[in-house]
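J.: I'd like to ask some things about the structure below.
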Amino acid sequence: MEQPLELESDDDLTDSEESVYSGLEDSGSDSTNSSAAEEEEEEEDEGEQEEPSNGAAPKVKGAPRKSKALGADPPLKDSEGLSVPDEYEEDIRNTVGNIPMEWYQDFPHIGYDLEGKRIYKPIRNKDELDKFLEKMENPDYWRTVQDKMTGADIKLTDEQVDLVHRLQKGQFGDVHFNPYEPAIDFFTHEVMIHPVTNRPADKRSFIPSLIEKEKVSKLVHAIKMGWIKPRKPKEDTPTYYDLWAHEDPNSILGRHKMHVPAPKMKLPGHEESYNPPPEYLLSEEEKLAWEQQEPAERRLNFVPQQYRCLRAVPGYPRFIHERFERCLDLYLCPRQRKMRVNVDPEDLIPKLPKPRDLQPFPTTQALVYRGHSSLVRCLSVSPSGQWLASGSDDGTVRFWEVCTARCMKTLPVGGVVKSIAWNPNPTICLVAVCVEQSVLLVNPCLGDKLLYGATDQVLESYVPPEEERVQPVQWVTATSEEHSRGIRLTVQHSKALKQVTWHGKGDYFATVVADNSNMQVLIHQTSKRWSQNPFRKSKGLVQCVLFHPIRPYFFVATQRYVRVYNLLKQELTKKLMANCKWVSSMAIHPAGDNVICGSYDSKLAWFDLDLSTRPYQLLRHHRKALRSVAFHKHYPLFASGSDDGTVIVCHGMVYNDLLQNPLLVPVKVLKGHTLTMDLGVLDVVFHPTQPWVFSSGADGTVRLYT
């Protein structure tokens, strides 16, 4: 007796019907009864928000029902005992259709049911802590996903999890699909009597193509109109042309404007004759000298020979070599035409004003100050312009009256005077003198007694501090004997000194030490007798230093660069590149925006600080090394002294308009010093008020040009 078949309700459902109830609508996986029942429980909980009109929760058509264990109604049975789906069950799921769910993200509802009522989003106010606790406590947290259509959480079944894993690994979704099944070969190499497809042939395979007919008619029309021409056969014959065809005006190359003719060969002379005159034949000594010469240095590349007749002349051995060189001449001939521009040389020279329009400036030698027995290295003029101080290698400092060239005072210092600087403060009569390793602060006691008397009172009013401060130098008060000679203070350094310069207000002065350490530059304060080292490390061999006349800037010139430091901010402001091998001297314009530097390679570099860190102009007027440069305080003049024994005075006008470049015009070359030991002018300094210039030389004299 046959037993009746019992079929599960899930087996009657198609894949598409089941996918409606699974958590993944697009997965196409099979779900079990248990998972479907659990999902329906969640769906009923979510569907309690909307109640249908008859008061009973609608059922979904074909949906799996709850089991008896859960208290659900028993499934309906037909006459044969098979389970029958309820036709009146309804789906209360979201019915908005296949639209982007982002459209609802700003609304409280997530769609509409079949009656058009809103389906509200489930209340999801879980914070991070709730999510973490759920993650820790819920063992099915890892397989729970959110349905975008309803906003509800759906737990994936085992089959759905396996499907996700397979898709992540790149495998097929269906477990039972075999991608490696043997392929059925429909076509074989054997000719078979029956065709694989019995499709009848197309009509177009029996009639001519209309598209091809249209293309052919277009090509025929183009050939008739002459738009398409047959290709010319290539000519294999080589083309030659005449190199000297430019001489014939009718030829093509002759009519070409940019044609460059090939170089012609030199015509043979008498020495190339088979019977040259006797004076062209070489003697034995000349032949020997010709053989010892380099081929490029020989006047002739052959030895002239004499034959009795033309029949006796042998074949020329260098014929192929000369033909090859001639081919090289033709091949390597420069084919570039140089365009000559007709420019008047006078137009290239800038239009400068005439020197007589730029007066006043010093033109003639007025006075010679004689008295030193050795070369005079340095000069300095008092702020009033009445006195002049000069330092020499004979170990003395001489003080002169400017107008009379009279030596008012001679101060022996016992060493070579490297630098001398008069205090620029007109209320103080003080001169700083560099002698070997010391700076002597000298009161020359010249001029107004009240002035130099007040200077001594200022120096004597110094009160030493209670605590001794560590200084890089030692301040020593002059002895009674030194005081009688005019020396008031001695600043003793550890190394030999090269330069001393004052600040514009007269209280500070800076010194340069002949050393390569960070102690090269020191700044001293006279009123407090305090010295300090402004730099932590050395930036090169310092040549000279200067204070800015107006602003708190400090200029330090090394061999190749001029560094500008801000003393208030204690930082590097600019670094000027002198484009010289070795900077020797430096001067600053009274306005403070322009600097000139002299160098030992005969260059004078003018810097415009507002314009660039490179020289605005390089002047090469001197033939030998520049020893000194100077600016005038009031007149637009600057001067340079050189080892060629001359002082060149230039007009240097700086305009208030920043867009207008400075005007630099050399106006006068002053001569007078004689060269001694290959040294000429060693120092140049202007008079503070008059357009006069002083120069000191290696001949032991000081000269004034007015």
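Even glycines carry a Cβ here, placed using N, Cα and C.
Note that TrEMBL annotation is computational and uncurated.
Per TrEMBL, the feature region 'Disordered' maps to 1-87. According to TrEMBL, the compositional bias 'Acidic residues' annotation covers 1-18, 37-51. As annotated by TrEMBL, domain 'BOP1 N-terminal' applies to 104-362. Marked as repeat 'WD' by TrEMBL: 369-410, 619-649.
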J.: Give the nonlocal contacts of the repeat 'WD' (619-649) in its own chain as ranges (CB under 8 Å, at least six residues past its ends).
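T.: Sequence-distant neighbours of the repeat 'WD' (619-649): 360-362, 584-590, 596-606, 664, 666-671, 673-675, 678-686, 688-689, 691, 693, 695, 697, 705.
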J.: By DSSP, how many residues in the repeat 'WD' (619-649) are helix, how many strand, and how many coil?
T.: 0 helix, 17 strand, 14 coil
J.: Run through the repeat 'WD' (369-410) and tell me, per DSSP, how many residues are helix, strand and coil.
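T.: Tallied per class, the repeat 'WD' (369-410) gives 0 helix, 25 strand, 17 coil.
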